[in-house]
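Asks: Pasting a structure here, questions to come.
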Amino acid sequence: MKPWWEVLGIPRDSDRAAKRRAYAAKLKLTNPEDDPQGFMALRQAYEASLHWIDYGDEWEDEEETDWDAVEITAADAPDAAARQPFVVPVAAEPALGPDPDPHADARTADHAELRELTAALEAGLRGPWFKGDTELKFYLSRIIAAPALIELETRDAIEHWLADLLADTVPRSDPILMKAIETFRWDSEGERPPAVWRVLGRIDEWRMIQSLGEGRHELAAGWRSLTRKDEPVWQRRIGALRPGVAAQVGQLFDLADYQTPGIVHSFDAQAAAWWRGHLAQPRFGFVDLAMLAAALAGALFVAMFAADPMVRWGGAAVLLTAALFPVIRLRIVAPWRRRRDADYLPPDWISHGWLGPWAAALLLLIWTPAGPWMAGATVALSAVAGLWMAVTVGREPRIGNPLWRLVSFGALALLGAAAFLALSGAEQAALAAFAIASLIIAGAGANAIAELLWRVGEKPVLAASVAALLLLAAAAVRMALPAAPQPLVPWGAAAIAGMMLTVAVRELHDGSFIVRFTPLLRWALWVALVVSAILSTPPVEKSGAPPISVGSTDSIERIEPGFAALKTGNPALYAAAERIRREIAGEERQAAVKRTRTEGWAEIDRLVNAAYRQRLPLAPASLIAAEMDIRLATMREQQKRDPRSCASETAAASFTPSEALRKRHYRHALAVAGSTPEMPGRMGVGSRVPMDELIRAATNGDPQRAKALSDAFAGADAKAKCAAQIAMLEVLTARSDLDIAKTMRPGLIARAAEKSAKKRLDQAP
């Protein structure tokens, strides 16, 4: 066994202080739990070095100590049950007797030094004379290296005392937490005192504070509001109106009160006091401000742009009355809600009754044919549902990532704008009102929906997912029935409603298997909405129209850019149309006959249609192909809304296409009216497609299907005849422009006058 001076790594004639420093340095590298034998050998070497000072002369003549023969018995180990949790043990007085302990004085000095160090550290953390980070680290390092910690009982007491001290003095103790954790290995597995868990919890709070400060946490906006120093009150009031900020601040207060109390030390005291007072009283929030702004903007719009005076002033009065709803919520509903919450009353029909009108509006959109009554009822029910929810249970909406919301809704607007404009006015009003109401409910009433689903059953996520799938199935059934609307109406309404339900339960976990699939279901609903918009988008007409150059702002091109093509292609028609426009605008003071706006545009339409009928048979092949594309789009609308108008030319005269299709046809008519006739040599280019070839291509060469298609084309069944015409026209429009023109030009020459329809723009000059 090595002698003590080799174990400590010092000369044999070193003094007591040098031996103590060497022992403390070796102790840092020796853990009694990992290497108990090495620890005991180090302790024995230290005690032997102290004996060497007292009995050095006698030991010079004795043999080396047989270190292997030394045993540590259980009596030498401290009794765990007798440990004191806080007090640092004091070395016992030397016993009176013939053989006093030669190390008693050294132990007494070690414990006295340790008491001085612990007192200094505690004073530096608890005050009143607080120490800086450097001094705190110095005292902790001295305590850790103190020779008195060689005794397990002392080390155990110091560990408990230090854990309590560090946990009680957060955040002052933050600079020395990691050193204490590493020294006593508090982050390793095993049982720990409660104070140690509080210290480790502070490390978790550090990570959370770092995430909040860097903006990576979902509560980052609320954190900035609580930690911003010296912020004026007016800026705090404006910040409180931002969507979701007040709710995030409330969640941070809950975390500080119940889960992570250490984060409260990072709050600005003035900001925290202001926010607690703000949240304690009902005040204007995002929902109230949005309702007020929407009502005022709607009233201003109606008052400025409504043509009928009764509609103008009546609509403005109704919308201004709606501006009172935020005041009603703050003065009547909010106190009622606080009394109900204080009495622990369960939600009643007032809290969840708004789901009734919302569900009724959804059923009307899916199952009822479009019309004024359907649109009026859907708009009214949606408005009632949205306002009812906002007044009774509306909360600050959870916007999430604003950039992602902007990108997603912007993409939906780009993909669905054309499809939405292709709907009838009644469908547009009904679908827009339902979508806005559902968006408001999903943002501000999600908690109420989740609460209701919990009350209905024990599986709210499963219930919401099943309801969303049933709505999609209902939309599919509606599209399979006769006179089905555009896909955007039933599919869009079902997808919007399904997303509202699934968003309300996205943070719940009811133990059902469907929980793991709800994100995929939300994506599927989003895809269904986008696909329905794409399917409802009218086909884009083929290119080849004459180039359009925008004229001056005071010309007719300002109303319809398509008139620019008439400047070079048909200047006489352009001059006549511009003269009539100036006349009805009051710019032509020498006009012999004064026309009204309606009469003037009717005359312009008549001139355009006359030129269109005259020039269509001789138009270039690209314009004839575009004419067939428009006819195909018209037949598809007729098939969905009234198959009789598709099968019968007499019934087609009373059919009114969608607004988008009417504008598309009017631009096409202007392009034809301003076109240059096709060169005679090019009129013979291309292949004429006979009827038999169209039927064979439409039926993929199946003789039975070909006969059925021929019978339907010549039969009296309006629906079958319409489907047959569309099938053959689809085959024809798939051919080249030259083949289409070669096939249709003879028929256009004979039927151009009958097929031209008067188109009129609704925009005022």
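Note that Cβ sites are derived from N, Cα and C of the backbone, with glycine treated the same way.
Annotations in TrEMBL come from automatic prediction, not curation.
According to TrEMBL, the protein carries these features:
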TRANSMEM  284-304  transmembrane segment
TRANSMEM  310-328  transmembrane segment
TRANSMEM  349-367  transmembrane segment
TRANSMEM  373-391  transmembrane segment
TRANSMEM  403-423  transmembrane segment
TRANSMEM  429-449  transmembrane segment
TRANSMEM  461-481  transmembrane segment
TRANSMEM  487-508  transmembrane segment
TRANSMEM  520-540  transmembrane segment
Asks: So, does the transmembrane segment (429-449) come close enough to the transmembrane segment (373-391) to give 3+ Cβ pairs below 8 Å, pairs being at least 6 apart in sequence?
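Replies: When sequence-distant Cβ pairs are counted, the transmembrane segment (429-449) touches the transmembrane segment (373-391), since at least 3 lie under 8 Å.
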Asks: Is it true that the transmembrane segment (349-367) and the transmembrane segment (487-508) have 3 or more CB pairs under 8 Å, sequence gap of 6 or more?
Replies: yes
Asks: With an 8 Å cut-off on Cβ pairs and a sequence gap of 6 or more, do the transmembrane segment (520-540) and the transmembrane segment (429-449) reach 3 or more such pairs?
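Replies: Between the transmembrane segment (429-449) and the transmembrane segment (520-540), which are separate recorded stretches, there is no contact, as judged by 3 or more close Cβ pairs.
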